[in-house]
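The structure appears right after this line, and notes come after that.
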Amino acid sequence: SKLAALFEHPLYNIPIPEVTEKDKLFVINPMEKFSLRSSRSDEWVSSSKAETLLPTGKTAYDTYPTWLKFHVGINRYELYPRWDPLLPTLLQDLATQRIISSVQKSGGTQLKLIMTFPNYGQALFKPMKQTRDQETPVDFFYFSDFERHNAEIAAFHLDRILDFRRIPPVSGRLVNITKEIRDITTDKKLAKTFFISPAGNICFYGECSYYCSTEHALCGKPDRLEGSMAALLPDKTLAKRRSWRSPWRRSYHKSKKAEWELNPNYCARVRETPPYDRGHRLLDLIDMTILDFLMGNMDRHHYETFEKFGNDTFLLHLDNGRGFGTHSRDELSILAPLQQCCSIKKSTYLRLQLLATQPYRLSDLLREALATDPLAPVLAEPHLRALDRRLGKVLVEVGHCLAR
């Protein structure tokens, strides 16, 4: 396994700083027992003390379902550890746990559903909108592109291979539209949008600001539909998140350009503006830029951080559905922060160099990681080959900076 060899490499074993209590997202009471019977509230852990006897040798933590252990494990430095024993179980839960509730997620331009499991875990479901081999048409604006379920799955694994670990775990899943959405939804607005197509397939379209109409309906075959299931982060009432506008945000206008596209010295101003004037925030943003360039995602207008950790923490790389839309074109403008600032983390640069070598070729690693997903093959081969080409271009850009 190339993947196992990669994660054993010294560059993937650089220790993180010691995690103190204040570096943890949640400080838990070791006597707090998770009990399904008493957790019908929105609380993420039950209020019943572990007075009831636990099985011999078990702690209260052992009673937590996997999604809750994932939430409890989040700290200032990482969303989940490199060698996370929970990860395979969490991915399996996302792919197989019985769905007991499906409601539409509010906001956003395209339809997404929040699925709930019997153990109170929740996942964000993004349905399949186009096939693996369809490329985004060349005349499409980036902001009118579809969100792709397979891009969400591939982005999670790519983010992990780059050792960023800033995307919540995502698994592919085949969902039965009738039994797992229509028949169990309590969302009246969503329920009104189901119909049977002339071909006899079950379809629905929900309510949203762009692609929610009969012309853009999501249809099963006859009621089986592919989608991505992403583990939800802790509720914002329990762990506040701050949304930051990206300094290299695109204009989202058909003819206007953003300031960074017109001013080659734009980075100098960013460097003087909080939170980019201190710490590693700018370098973290450049990490995110490299991830986006590798998957061709032009739609990174915001990013988020956990408020508890202030500015000294990682960025959350959420909403990656507009990645992996084109394999035949490389959008170099995505790399503007790297090109204009000429800065990169040494650890990131060394790992990128490693991923360009034959034993650790990036496309091979991602292909291997995606082979275990229930919807494999997740990416068409041309997308995997494009990764190696784009990685070469990132290294060329860093080379120009070093020469300068």
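Placement of Cβ uses the backbone N, Cα and C atoms for every residue, glycine included.
According to TrEMBL:
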ACT_SITE  D299  active site
BINDING   Q110, K126, E147, A230, A231, L232, L233, E304, D319  ATP binding site
BINDING   E147, D319  Mn(2+) binding site
DOMAIN    194-403  domain 'FAM20 C-terminal'
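Structural mapping of features recorded in TrEMBL.
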| residue | record | contacts (Cβ under 8 Å, 6+ apart) |
| --- | --- | --- |
| Q110 | ATP binding site | K126, K129, F146, E147, C208, Y210, Y211, C212, G321 |
| A231 | ATP binding site | W67, F70, L90, L94, G121, A123, P168, P169, V170 |
| L233 | ATP binding site | H71, P168, A239, R241, L316 |
| D319 | ATP binding site | E147, D299 |
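Using a 10 Å radius centred on the Cβ of D299 (active site) and all shown protein chains, the other Cβ atoms total 19. When other Cβ atoms within 10 Å of the Cβ of E147 (ATP binding site) are tallied across all protein chains shown, the result is 24. Spanning the residues Q110, K126, E147, A230, A231, L232, L233, E304, D319 that the record associates with binding ATP, the maximal Cα-Cα distance equals 20 Å.
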